[in-house]
Structure formats: C-alpha cells, structure tokens
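Reading through the structure tokens given below for one structure.
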Amino acid sequence: MSILEVKNVGKRFGGLQALGDVNLSIAENSCHAIIGPNGAGKSTLLNCLIGKLIPDTGSVMFDGQSVLGRKPHEINQMGISRVFQTPEIFADLSVWENVMIPIFAKRDGSFRMHAFESVARERKVVDGAMQMLDDVNMADKRDLLAGSLSRGDKRRLEMAMCLSQNPRLLLLDEPTAGMARADTNNTIELLREIRTKRDITMVIIEHDMHVVFSLADRITVLAQGTPLVEDTPDRIKGHPKVQEAYLGEAAH
Amino acid sequence: MQSFGRKDTILLIVVALLVLLAPVILNPFPQASSLAQFNAGYPDLMQRFVIFGIFAIGFNILFGLTGYLSFGHAAFLGAGSYAAVWMFKLLSMNVIPAIVLAVVVGGLFAALIGYVSLRRSGIYFSILTLAFAQMSFALAYSVLTPLTNGETGLQLSLSDPRIFDPAATGSLPTTNLFGIDMRATTTIFAGPWEFQLNAGYYMSGLIMLVAFWLSIRIFRSPFGMMLRAVKSNQQRMSYTGLSTRPYTLAAFVISGMYAGLAGGLLAAMDPLAGAERMQWTASGEVVLMTILGGAGSLIGPVLGAGFIKYFENIFSKINDSVLHTWFGALPDGLETALVTLVHPFVGKGWHLTLGLLFMLVVIFLPGGLVEGGRRIRGVVGRRNRKAGDPEARAASKQPAE
C-alpha cells in the first residue's frame, strides 16, 4: 500500500521548469531514494512535500489526505518529519530540551498554553527524551548546548528529534552531506536500526551512492525535473539511461 | 534541570527580603549627613523601583525569551494608567478595580497591536510596534482628548461620580486599599537614621513578588521552553509541528498585561495619567532596563529597572552647588577644575553617565549586570576550588540559570 502519492507535480521558477511532471508512489514502510544530478529538482520536490513550496500543478496525497496548501506545522502533525541538509536544531537550547520540544509538539498539538506547568514534572516527556537520546547514543551529551555539538552529533540530534515524534514518513535531505566516512557509516547503521525497530517510511535524497545502495528498497532517478526511471537498486545500477544521466556524470 | 527548584525558591526569598527591607537598605546614610542625597529609600522612588521592575519583568518574557524586540511597550503602560484613573473617577478610590482593569486593558491592547505586528519579525516587528505606540501617543494627545484629557492629562476632580464612594468634599480623595491610604507612611527614627515605611510601596512590592514568581513559573514551563525555541530556530519549530504565531502572541499579550499592571500601579500611587507615559522614550527605557540588567535572565530586568531609576532620580539631583560642597576642601583652582570636569556627568547630564555605563555593559558584559554578578561568583568560586572545596567544584559545573 502506498503512503505517499505524488501525481503530475510541476513547479516553475520564472523561466526555469524545476519540476516537469513528477509521479511517485511510495510504499508504506519502504525506503525510497531519490537521486539525480545537481539541479535535477530533488530539493524542490522535497520542499513541495513538506509545505515549504506549493507546486503549480498536480497533487500530493499523504495517507489519503492532500498536503498541498497546508502549513509546515500542519504537515508535521499529519506524521511527516524532515531532516535537513544542514541540521536544523535549537542551537541555544540543551540537547535534552531539543528532544523534549518535538515530544511536547506531538502530545499537545501545534499550540498549548502550558505556562504554569513545570517541565521537570512532565516525567513522561523527560523520560521519553532521555530514552530517545539513549537510542542514538547521546545520553551523555544531554546537558550540552545543542549549538556546541559536532556536525555529526547535530545530525544525530536532528534525527532523534524527528524520531521522537514517531513519524510515519521521514524525509531525509542528504543526511550524510559533509560527513566523514566513519560518520556516514554510523548514520547508515542508525537508519538501518531505526527501520528494523519501527514502522517507518523513509524518503531519502542523497548524492552518496554508497548510502543509497545500502539503504534504499527502491530508487527514483530524477533528471531535469522529471523521473527518468524507478526501480530496485540492483536494476538501477545497470540501467543504461541512469549510467548516462547520473552515474556516468560521476565518472567524468 | 528546568524546574521551580531550590535555586528559584532561594532567589524568590532573597528578592522578597530585599523588597521587605528596601526602606532600610536604600537609606544607608544618616539623614543629616552630606551623603544623604544618595539615599533612595523614600516612598516615591521605591515605588518606582518595584513598578518599573514589574514592567521590565514582563518585557523580558517577550524580549528575553522570544527575542522579539518591541519598541512600543509604553503604550500598554499608558493605557493601563488611563484605565486605572478612569476607575478612580467612575467607581471607587479603591485600587483593586483600577489595577484589574489596567491589566485587562493592557492585555487587550497588546492583543490588538501584537496580532498585527507579529506578522513580521526582526527589525520590521520593532518598527511596527514603535509606529503603533507613537500613534497611540499622538491619539492620546489629540483626538482622544475626551478619554485622555489631552495635554493636561487625566486627573481626578471633585465632581467625578465615584459611585461606590461617599461624595468627596473639600479636597480630592486619595487612593486606598480597603481603607489603607496608599500614601500612609510610617517614619522610623533610629538614631541619626530615618526609614520610611509606605503602604503603597509595600502593596506594589507584594504585587511585584507575585509578578516575579509568575515569571519564574513561565520560564520553567513547557511554554517558556517553546518561547526560547522561537528565539532559537523558527524554521525547526514549524517543521516540528508547532505554530510559532500563537506562542509569540501569547508572550506579547502577557508582557502587555505586565505593562498594564505597571501603568495601573503608577496611577494607584499617584492618580494621574498623561500621554507622555506612552512616548517612545518610555518604550526605549524598558528596553534599556532589560538589556542593562540582562535580557533572558530572571532577576536582570529588576536590577536594570532599579539601576536606571536610581540614576534618573539621584544622579540628576547633583548640581553644581552640591559639587562645590564636595570639593570645597580642595584649593580653589582645583575645586573649580574638578567641578567643571564632573559637571557634564551629573545633574542634567545624568543621561551621559547612564549612556556611558550602558555602553560599557553592552561591550564588556553582554549578559548585563547579571553576567557581571556571575563572573564575580566565578572568580570567587575558582579561589574556593583552589582551596579544595568540592562543593564549589560541583556548583561551577552547573550552568547558571
């Protein structure tokens, strides 16, 4: 069963047709990678899914409901979380608080005037955040300011924030960009572990073919705003059109 | 961690003791001594300390937590004052209805201005609030004269209805709290010292303590955490499923209610309200208080308010004749030279001294006076640690506030 249905999505920026006519169907509990050369429209597509951009044409349905025209916080409340290319965290707050905030958001909705309750008394949230930090091996860093973390840790923290909400769909925009090899491998391990532990669908945009082929069940190759081909990793590797449009470019 | 813990309770108790003992602490010099003019323990000034403390505590909930810098908070203070004086004119000289209405009016007015201004952030938000406040000021001066009595300011008169009070005869009635006159002052003579205990000051002080306690609760609540998240990263907030606008609007309205409360109390101490209370200089003053004391800290804004009000009222009274008496013992030429040198910094020049101090604080202590205190504690703590005090070592690992 597909959880995300993208139909005939097009987006134009002035004279540039960033997305032509994108159709995607993403199966529940799968990991679907979107690859393509720079400027292929990967980020534009992701931004259309998350409410940051509104496509000119087409529809995006998540679990039978349209996400178009909804605000980012409403889309998150539907069960979609996103990991950004540069980690977006609350740099001035402690690591622990960074994870508590999404848990509060999940529990209380987009706004609640809980001004006279004490954070420390919210045992469930505090413990939930602690558990989550344990899961990503960051429990010892809970009291640090999030802004002081290393890039790799910021990425893990961002993932912990997203996962603490138990999202049904996790969108990852180049989660290993700028990471050292060891960190990349750790991230792959982390994502694999998450998939074995939970029911979660992932859509991942990635340049690093090692990451894509280690994680994805299906791969869509995007070129010049249109999907070139969609198949399993093994068949994508040998596909002539892909060689030409993408993997070939990497060999230059 | 983030709880109304022992540290907060201690802070609240310390502030309560300071409020209680202020008439003594602020009058350290014997009444007859030449230093008596540095005494700040007279009712009028002490009332200002706590009332502007309330104003700054409220402002800090908006600015310190969310980072939204409002340049128009004096509008809510002014609206609160007008509302309170109207209560004195129409209902009763009891301060309770006046203060309640001042808070309500401050909050409603803030909801209106905040709803529009919060569509923008950063400098545009600041300019919008400034524009609204100046608009309110201009309106209070001109077209709203039936409500505000224009340039003269809103005052009591003998012919006011005051439906719950007996008709006033002879002199204007004074504000009271169930019969306790707000101006009632008991003077205690202790040797050469004089301490004035004033009913209005203690009522305002008690209200400030409640306001301070509420602000600690807000700082330690999930709501307070969300407000800090707004300051830190709005994009992450909305992609975390949180709507930032209601949070900022709630913070804006709460700080507007604090401002209304401060305005109401000013009127309760002295039943007058003038348009100048809404002027942008008054809005700027609370920004200075909060930054000087330490934006985002709990006690900082109160310290900043006290600091600025002290300068405004004490430094401004040092004129040339006072200077001549100070330096009178020196040779004539030196005396004149010193007086000329000091003259621009005191008396009417107190703004200059304050400005220089503000610059020094912003440059060297970006966290305000609170950071200064923290650094001093740090130095002391380091000395203790050298002496091998394990408790100090543990304490220094805890991030302050």
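Using N, Cα and C of the backbone, Cβ positions are placed for all residues, glycine too.
Just so it is clear, the model here is predicted, and its values are computed rather than measured.
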## Note on the structure
Among B:73-93, B:199-219, TrEMBL lists transmembrane segment at B:199-219
### Message
If I go by TrEMBL, the feature transmembrane segment sits on one of B:11-34, B:323-346. Which?
### Response
B:323-346
### Query
Sequence gap of 6 or more, Cβ distance under 8 Å, 3 or more pairs: do the transmembrane segment (B:199-219) and the transmembrane segment (B:323-346) meet that?
no
### Two-stretch contact, the transmembrane segment (B:45-63) and the transmembrane segment (B:246-266), at least three Cβ pairs under 8 Å
yes
### Same-chain residues near the transmembrane segment (B:94-116), Cβ under 8 Å, at least 6 residues beyond its ends
72, 75-77, 79-88, 128-129, 132, 164, 175-178, 182, 203, 207, 248-249, 252-261, 263-265, 267-268
